[in-house]
């Protein structure tokens, strides 16, 4: 929100008014200092622009000082508009700064100059103020924490301690701030023990263990301590955070002291993992285990197996195996041997995943399959990768409400003109919206499909929801950001408009598909599931190394939606309908996980493509009852929705060539960054070919198209009729082949 304080309307005030409209900012105008102060205290604007050119109307600096005395102005950006003096020396900015102005703007009524100023403010000072506002809540949490927290600079100078620290240690905050750790008698064994800790934290690893601290009154207390280095500007350690908790029983001093000394000794030999635990704690006594099994347990185990064989509940695969076994008994030898091979294949758990050959395999294909279709190599190190970029998620209350669908800036309207067509340019919309395409495209597509009417929610609730979801995509990711989400939403809407899809899905399926596309990668960290599992991330632990990111996207989407009524698009739904919709959304988001890629594609081919082809061969032209049964059975509708979102999610190779190239560059950069981080952290490198110094992007695209895309889109095209996509796919494949044949590794050929 912007407040303009101009005594009279002129070209400059009009310029800022038009710029606000163009940028989509809400704008108020005040003509007097009194009305300006009253308006600000009511609206709490993010930016205030005060006319400093005409002192005869009001004293701009006095007004700025009055605003700065109010509590809400703490995080407000205040700009002073000053005269342009071509013939006079440049005047000092200091009087304006002293009065409380953030910066000055030399008068220029050109609408683009005003617009540029507002955009720079939004992405500069205003964003910085948002972060500072968030700091208040973080410090409130620290102040109320039961754990003793101490923050020091890179040079170990104490910068902050919380009340719990003061209580435990007996110091007042004023006695500690600005002191070096060595000046405060915190540990009895400074010299040797602190060296041990420092050697760990100085290389960027956290340290955890126990030590004795000395209170101000000289008493010793034993604490569990975790010290975490915080990386800041320039990628260097800028702070250390120490979190301490008193050990549960401080009466057993001598016993605890022995434990502490053992932990300290262990830390010397185990410095690489920086974890201090007794690794034998959970071990079993082998003799006791075997002796327990020597009594009646084996007999009990045999009777259990007998019960399992006599069970009446039989899985379909078990029935198939039993039928083949029975057929083998009366079959000639060649048939029996062939059936043996069939049984061998059926007994594997990976029925739908093609097996890669071991010889002469293309490393690009192997790495892509390994990186996208496995959950990673487990690692026995203590290193953990924690998603720290967004530990607190954006919620509705912390965001500015976007503009209405009827009041979208012209450039954005123009960028969305052909959004119903496949060749729609998402990157043009990304540029027009300053990397916020999801809100605008979402508003338009959801309106076209009547989503608000179906959900019985207001447009303002939908706007708030879209903005909350977009705010929780990481704009720092080169690929998995809100532009990718908007691209998948666009592809989903395009597929839903195809005739065969329209006659198959119900309105609730369409709503589920559009919502699932919008949220399907929310809070993506820009790393693969394999990386998170290898790194022992909190998410991997939470979801047991299984569909880690997809489970997180689905869960977080519902958490963000339902925690605040302002953005809860489901709040007016009837309970059973909401449960059905929720299940469909979750199922579609989980279907985007690549480990089940071939299972979904094969089920679609066998349950939908082949039966439809058989019906057409039998003379059925596609309108009969049999076709309707194939298309609309609940099981098949689920398969169609899964296939739809899968194709939308990885449709980049089917986009026009320039978009295809841009997406290829973005995903490659994300994989390069992952490889860089894996090497930096000493983790297994999941996709070695994605090394920014040696990778051939054309080869990686050829492998991806060959292995994942061609068969899937052949099947989807046979169902939905998408000749334009298949033509783009053919063109793009030839483009990458051409580059590869010229031994080029880049996105584009060098200029002639």
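Glycine is treated like the rest: Cβ placed from N, Cα and C.
Summarising the annotation, TrEMBL assigns domain 'PAS' to 134-204. The region 'Disordered' annotation in TrEMBL covers 263-306. Per TrEMBL, the feature compositional bias 'Low complexity' maps to 287-297. Positions annotated as domain 'PDEase' by TrEMBL: 404-743. Here TrEMBL flags 480 as active site, proton donor. The AMP binding site annotation in TrEMBL covers 480, 481, 482, 483, 484, 521, 649, 701. Sequence annotations record features per position, and here TrEMBL assigns Zn(2+) 1 binding site to 484, 520, 521, 649. According to TrEMBL, the feature Zn(2+) 2 binding site maps to 521.
Structure with TrEMBL features highlighted.
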{"residue": "480", "record": "active site, proton donor", "Cβ contacts under 8 Å, 6 or more apart": "473, 474, 521, 524, 526, 670"}
{"residue": "481", "record": "AMP binding site", "Cβ contacts under 8 Å, 6 or more apart": "435, 473, 474, 475"}
{"residue": "482", "record": "AMP binding site", "Cβ contacts under 8 Å, 6 or more apart": "435, 436, 437, 438, 470, 473, 475"}
{"residue": "483", "record": "AMP binding site", "Cβ contacts under 8 Å, 6 or more apart": "426, 427, 430, 435, 437, 438"}
{"residue": "484", "record": "AMP binding site", "Cβ contacts under 8 Å, 6 or more apart": "521"}
{"residue": "520", "record": "Zn(2+) 1 binding site", "Cβ contacts under 8 Å, 6 or more apart": "485, 488, 550, 553, 588, 589, 592, 645, 649"}
{"residue": "701", "record": "AMP binding site", "Cβ contacts under 8 Å, 6 or more apart": "653, 664, 732, 736"}
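For residue 521 (AMP binding site), the number of other Cβ atoms no farther than 10 Å from its own Cβ, over all displayed protein chains, is 24. Its Cβ placed at the centre, residue 649 (AMP binding site) has 23 other Cβ atoms within 10 Å. Max Cα-Cα distance over the annotated AMP binders (480, 481, 482, 483, 484, 521, 649, 701) is 22 Å. On the 0 to 100 pLDDT scale, the model's mean across the domain 'PDEase' (404-743) is 94.
Within 8 Å of the centroid defined by the CB atoms of 484, 520, 521, 649, the record's Zn(2+) 1 site, lie the Cβ atoms of 480, 485, 488, 517, 524, 592, excluding the listed residues themselves.
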